[in-house]
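*Asks:* The structure's right below; bear with me while I get my questions together.
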Amino acid sequence: MPSGAATPSVPSSPSAVPPSSAPRSSAERIVDAAEECFARFGVAKTTVEDVANAAGMSRATLYRNFSGGRDELILAVFLRDIGRFLDELVANVPEEFDPAESVVAGVLDAVRFVQGEPKFAALFVPEAVGHTHKAVAHSSQRAVDLCAERVEPYFLAARDAGLLRAELEVNGTVEFLFRIISSLSLAPLERPEAETAKFLRTYVVPALLP
């Protein structure tokens, strides 16, 4: 951290809204069912009919909500799970945060999530990863935008405090880290997490610091 630079504080955010007791929408039920089917049968073997049956509705109703069929369902599960991860990530940012260590912790948390959250990991097992890549390949920007939206207040606070390079933009920084996370998650080396943290501090974090 640069000498004399202030530690940024977590930006204020709206109070959490209690979960609604309203019935889940058809689209939410379909995504729930798709996630369960992908985990139970595997992405490659899951059919639209499997998902419709699990959701308790007709294929016609499913296609009215997800006209892109299985690929769109894979993308919907992918984006929803990323959103849930980000909710938990930002909720755990300490009130006074060190951007460098927050990057290291966030990347490690993301790798653990991709590899260790069973329903999300089901999208990336060898027999599924080709289907997942096909489904999300043309929508990667949506994932980057989703991440950028959640972390932007923290990014701007750190940059304004002089703790990140002034020319950095949030979307570009998120894309950079997104690619690091993808590499560490999908092509991991056999090494302790402490060694991965050291790698991040040595080679990744310096690219962001002034």
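Cβ from N, Cα, C; glycine included.
Keep in mind that TrEMBL annotations are predicted by a computer and have not been checked by a curator.
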*Asks:* State the residue range annotated as DNA-binding region by TrEMBL; the candidates are 27-46, 47-66, 67-86, 147-166.
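*Replies:* TrEMBL lists DNA-binding region for residues 47-66.
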*Asks:* Could you please provide the mean pLDDT value for the domain 'HTH tetR-type' (24-84)?
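*Replies:* The answer is 95, the mean pLDDT of the model over that range.
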*Asks:* Work out, from DSSP, the number of helix, strand and coil residues along the DNA-binding region (47-66).
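*Replies:* Its residues divide into 15 helix, 0 strand, 5 coil.
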